[in-house]
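Colleague: Sharing the record's features from TrEMBL:
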REGION    1-21  region 'Disordered'
ACT_SITE  Glu113  active site, proton acceptor
DOMAIN    119-359  domain 'Radical SAM core'
BINDING   Cys133, Cys137, Cys140  [4Fe-4S] cluster binding site
BINDING   Gly188, Glu189, Ser222, Ser245, Leu246, His247, Asn321  S-adenosyl-L-methionine binding site
ACT_SITE  Cys364  active site, S-methylcysteine intermediate
Amino acid sequence: MTSLPLIPVDPDAPGARRAAMPPQHLADLDLAGRKDLVTKLGEASFRARQISTHYFGRLVRDPALMTDLPTSSRERLADQLLPRLLTPVRELACDDGATRKALWRLHDGSLVESVLMGYPDRVTVCISSQAGCGMACPFCATGQAGLTRNLSTAEIVDQAVYLAGVAASGKVAGSPPRLSHVVFMGMGEPLANYNRVVTAIRRLVAPAPEGLGLSQRHITVSTVGLVPAIHRLASEDLSVTLALSLHAPDDELRDELVPVNQRWKVCEVLDAAWAYAARTGRRVSIEYAMIKDVNDQPWRADLLGRLLAGKLAHVNLIPLNPTPGSRWDASPKPVEREFVRRLRDAGVSTTVRDTRGREIDGACGQLAAAEDSGTDPAGEMTA
Ligand code: SAH
C-alpha cells in the first residue's frame, strides 16, 4: 500500500504559500455588504439591490446589459462589483444537449470545470470548489494533479449563476428552464475550503436579489470525509444534503482509495455522517464507485450493508468512470447487480447513478481541466 499525505493540504494555513485570490465580486458579499460598498463608491445604496437583481434575479452577468444603470455609474459599479471571474474556454455538450460541461479560466490562469445536467423534472449543476484537489484519491482524475488553490465564494457562485442562465435560455431541451439543484461534486474537496463554500451555499439559498433562491434540500455537499468539518457543517443552520465518498467499507482498502482515511477511519467518518443526519434530519448519501475486483466483492457488500443497516442513509453506486492512465475498470454489470441485491437485502436503500457526461470527460472523477484534453465530437466553442 502506498503511503500518502495524512493531513489534508490547507492553503489557508498560516505559513502556507498564499495563492492569488481573485478580486472581490458582489457574490462574495451579502446584500448589506453590497450596499456598504456601493455607498463608499459614492453611489446611492439602492444601486446594490438593482445590480443584484440583474445578477441573481435575471441571471444577467454582463454589465453592458444593465441599461437601467446610468452609464457614468455603470462602469464604476461593474469594476467593483462585477469583475470577470470566469472566462469560458470551452463548452462541450452531449446527451443531445442535456449534459454540458463548461471549462473556465480563472484570473490567475487556473482552469476549473462545471457540468450542467438537464432531466425531465429538474436541472442540476455540478460545481467546483477548488482548482485541483489535494485529496489524492488514485481513481479520480482531479486528484492526480494536486491542489492549485481554493476558489473564492464568488468564483463558486458564478459557475451556478452562469449555468442557470444557460438553462434559462432554453438550451437544455426537455428540461425545466429553472436551475433547481446544485451539487458540490466538481473539482476539489468542498470541506477543505470550508468558509467560502458555506458562504457560497448561503448565497445559493438566499432569496433573490440577495441570492439565487434555491432550496437548501436541493444542495448537496460531497466530501471525502473531513470529520471535524462534517461536525461543523452539522452545526450551521443549513440542511443541505451530505454525500460521503466512502468507496470501501474497511480501513485497509479505504486507506488506499481515499487516502484521508489514514487520518479519519471508516467508523469515525460514519459516526460523523450519522451525527449530521441526526442533527439535520437529512438522509446521508453514501457514494461508492464500483471498481472491478477492487471494492466490488460480495463480502464487501455485506460488510457495507451491516454498517449502514438501520441508518438514515442511501447508497449511490457509481460505475467507475475511466480516467487517463488508470489501472482500474468499472465492475461488470452482473457484479454490480449482486452488490445492489446484497445491500437491499440488508435493508439499505441503493441506486446506481446514471453517470452523465462520460463522452465529454464530464462525469464523476473525470474533471481534470486539461485544456487540450480529448477531442470535441459534440461540442462547440463559446469563448
Ligand atoms: N472531493 C469531494 C467532491 C468530489 S465529488 C468528494 O470526493 O466527495 C466527485 C465524486 O465522484 C466523489 O464521490 C468521487 O469519489 C467520485 N469519483 C471520483 N473519481 C471517480 C471515477 N473515476 N469514477 C467514478 N466516480 C468517481
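Backbone N, Cα and C define each Cβ position, glycine as well.
Situate these features within the shown structure.
Modeller: The Cβ neighbour count for Glu113 (active site, proton acceptor), using a 10 Å radius and every protein chain shown, is 25.
Across all of the domain 'Radical SAM core' (119-359), the predicted model scores a mean pLDDT of 96.
Taken residue by residue with DSSP, Cys137 ([4Fe-4S] cluster binding site) is part of neither helix nor strand, so it is coil.
Leu246 (S-adenosyl-L-methionine binding site) carries neither a helix nor a strand DSSP state and counts as coil. Leu246 (S-adenosyl-L-methionine binding site) counts 29 other C-beta atoms within 10 Å of its own C-beta, drawing on all protein chains shown.
If you draw a 10 Å sphere around the CB of Cys364 (active site, S-methylcysteine intermediate), it holds 28 other CB atoms from the protein chains shown.
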Colleague: Taking the recorded positions Glu113, Ser222, Leu246, Asn321, which residues show a Cβ-atom distance to ligand 1 below 6 Å?
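Modeller: Cβ < 6 Å from ligand 1, in sequence order: Ser222, Asn321.
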Colleague: Within its own chain, what residues at least 6 apart in sequence put their Cβ under 8 Å from the Cβ of Asn321 (S-adenosyl-L-methionine binding site), listed in sequence order?
Modeller: Ala289, Ala330, Thr355, Arg358, Ala363, Cys364, Gly365, Gln366
Colleague: What does the structure give for the C-alpha distance between Cys133 ([4Fe-4S] cluster binding site) and His247 (S-adenosyl-L-methionine binding site)? Integer Å is fine.
Modeller: 18
Colleague: Please report the number of other Cβ atoms within 10 Å of the Cβ of His247 (S-adenosyl-L-methionine binding site).
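Modeller: His247 (S-adenosyl-L-methionine binding site): 26 neighbouring Cβ atoms within 10 Å.
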Colleague: Can you grab the distance from His247 (S-adenosyl-L-methionine binding site) over to Cys137 ([4Fe-4S] cluster binding site)? Cα atoms, rounded to a whole Å.
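Modeller: That separation, Cα to Cα, works out to 10 Å.
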